[in-house]
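Q: Below you will find the structure I want to go over with you.
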Amino acid sequence: MSSNRRSRNITEGVARAPNRSMYYAMGYQEGDFRKPMVGVANGHSTITPCNSGLQRLADAAVEGLKAAGANPQIFGTPTISDGMAMGTEGMKYSLVSREVISDCVETCVGGQWMDGVMVIGGCDKNMPGGMMGMLRANVPAIYIYGGTILPGKYKGQDLNIVSVFEAVGQFSAGKMSEEDFCEIERRAIPGSGSCGGMYTANTMSSSFEALGMSLPYSSTMANVEDEVVGNVKQAAAVLVDAVKADLKPRDIVTKEAIENAVAVIMATGGSTNAVLHYLAIAHAAEVDWTIDDFERLRRKVPVICDLKPSGRYLAIDLHRAGGIPAVMKELLKHGLLHGDCMTITGRTVAQNLAEVPELRADQDVIRPVTDPLYAEGHLAILKGNLSPEGCVAKITGLKNPVITGPARVFDDEQSALAAIMAGKIQAGDVMVLRYLGPKGGPGMPEMLAPTGALIGQGLGESVGLITDGRFSGGTWGMVVGHVAPEAHAGGTIALVHEGDSITIDAHRLLLQLNVSDEEIARRRAAWTAPPPRYTRGVLAKFFKNASSASTGAVLDRLE
Ligand SMILES: CC(C)(O)[C@@H](O)C(=O)O
Ligand SMILES: [Mg+2]
């Protein structure tokens, strides 16, 4: 056992007799105090299908760690369900839960002097929250993704959660029968596992393989399949080896590793949330990374995976086509990954990929770099007088990459959704959803309800939507999120009047309010910040401490 065994701080020496005595109650025997103590951050929860299949993984983790000669210590991490909270006040707690999870991991690992930790999660924020906690604690660690969900089935159609959000728009526009609407609602989510497209959960899990912090093939497994249990057992042995080698997360999560992760996110068409989360992950890792780094990578890395929301396939189809290793092998072959990055396996990216077969000819989920879906990445950083700090848009596959139109201004999500459902939003409009940022929301909620309804009504290509809030990984269309500075911080988005002309230009990466500087200055002089929506509890803490979306909306930026 390497000299770095941190747990000796709580278990060795005469003075630690009272501390040790507590461990005997946990079944420790004399010899156990020389073994590494490894935490298992168990995200199991019956709140949501994303996390309802995790207990058997936590049980396998305990078994695997004991077999590898470690003392496992299970502790819980919470989750909320983005899919259940979407469109409600509850969605304000979604990004907050990222911070709560990272605090849980950091607190338990630090408080108990753990020698290593395995974090097991499912829903969207579990992954970034777990990674941030692992990086802050910086003891040998591995991430276990609970696994994606299988598709629901109806009338020969593969269904997933985004099918239901889009059905709301179709049904409200009279484009779907009530029977179909109700059947889609009932059948879209067939069991446990995280949302099935390349939405936020699968985006973050896939990127962790590229980051080097989870095992090859693990990020696209289906939760209901037995292979996820085998992955946990293998991960337990790998983690104990990493503890012995003192291989810590910050030895792995370097700037080059983050570039690998972002390259895979671009190649797979991943969620806009990845921008926010990798700004936060880089901050936790003390890696020098800014919002402009995404644009540098976007220009280099093509979209080579045909995945929902804007493509055809689900994460399970990607798994069956070769998984993230197949994507990484294709990118490495074309010099789009750093092959020398160390990974949790103790081997480099290139060594991990050496045995991975070339792209199979019998699949069309993953395309060769030489014949991509889109020659450049999809996650673009737009700037302009509406978002001088930068904001995020998915810009591939847009029929109308440039839109200039009258602003339709809403200071909350519910009134915007009501306007869409009532048919009050027309083609050519640019919806402005504001006071939904990190402070204004607070909690920077995701806007899948309005964007899904626009798609369902067939307005996804003709109506622009900008917000200082976020989007779900299931969002696509002419939508721009993370506008910064946010309205509550006095950003220009707060000064937009109904009917103002706004331009969203995906070619020039521009988000512009077409009003004179003098008029904007006059409006700014007259603007005052509204009072905080919450004055107690986690939302008040988030309001007080959250940094701008352009720096990850983190709570521990001291400068
Ligand atoms: C409900 C979804 C699709 O999981 C969304 O929350 C996301 O961010 O992807
Ligand atoms: Mg989400």
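All residue numbers here begin at 1 and follow the chain in the order shown.
Using N, Cα and C of the backbone, Cβ positions are placed for all residues, glycine too.
These came from TrEMBL, pasted as-is:
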- 35-352: domain 'Dihydroxy-acid/6-phosphogluconate dehydratase N-terminal' (DOMAIN)
- CYS50, CYS108: [2Fe-2S] cluster binding site (BINDING)
- ASP82, ASP124, LYS125, GLU446: Mg(2+) binding site (BINDING)
- LYS125: N6-carboxylysine (MOD_RES)
- 364-553: domain 'Dihydroxy-acid/6-phosphogluconate dehydratase C-terminal' (DOMAIN)
- SER472: active site, proton acceptor (ACT_SITE)
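Each of these features: where is it, how hidden is it, and who are its neighbours?
A: The predicted model assigns the domain 'Dihydroxy-acid/6-phosphogluconate dehydratase N-terminal' (35-352) a mean pLDDT of 97.
Taking Cβ-Cβ distances under 8 Å and a sequence separation of 6 or more, the neighbours of CYS108 ([2Fe-2S] cluster binding site) in its chain are GLY39, ALA41, PHE75, MET114, VAL117.
Summarising the environment of ASP124 (Mg(2+) binding site), the number of other Cβ atoms within 10 Å of its Cβ, over all protein chains shown, is 33.
Every protein chain shown contributes to the tally, and the Cβ of LYS125 (Mg(2+) binding site) ends up with 27 other Cβ atoms within 10 Å. Following the DSSP three-state reduction, the secondary structure of LYS125 (Mg(2+) binding site) is coil.
Every protein chain shown contributes to the tally, and the Cβ of SER472 (active site, proton acceptor) ends up with 31 other Cβ atoms within 10 Å. In the three-state DSSP scheme, SER472 (active site, proton acceptor) falls into the coil class.
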Q: Applying a 10 Å Cβ distance cut-off over all chains shown, what neighbour count does GLU446 (Mg(2+) binding site) have?
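A: Summing over all protein chains shown, GLU446 (Mg(2+) binding site) has 31 other Cβ atoms within 10 Å.
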Q: What's the number of neighbouring CB atoms sitting within 10 A of the CB on CYS50 ([2Fe-2S] cluster binding site)?
A: 31
Q: Given CYS50, CYS108, LYS125 as the binding-site residues, which ones have a Cβ positioned under 6 Å from some atom of ligand 1?
A: none
Q: My understanding is the cutoff is Cβ-Cβ under 8 Å with a sequence separation of 6 or more in the same chain; which residues meet that for ASP82 (Mg(2+) binding site)?
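A: MET91, SER94, CYS123, ASP124, LYS125, CYS195, THR200, GLU446, SER472 - these are the non-local Cβ neighbours of ASP82 (Mg(2+) binding site), listed in sequence order.
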Q: Under a three-state reading of DSSP, tell me whether GLU446 (Mg(2+) binding site) is helix, strand or coil.
A: strand
Q: Is any of CYS50, CYS108, LYS125, GLU446 (binding-site residues) within Cβ reach of ligand 2, i.e. under 6 A, and which?
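A: Listed by sequence, the hits are GLU446.
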Q: Would you list, in sequence order, the residues of this chain other than ASP82, ASP124, LYS125, GLU446 that have their CB within 8 A of the centroid of the site's CB atoms, where the site is the one recorded for Mg(2+)?
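A: Those within range, site residues removed, are ILE80, SER94, LEU95, SER97, CYS123, THR200, ALA201, ASN273, SER472.
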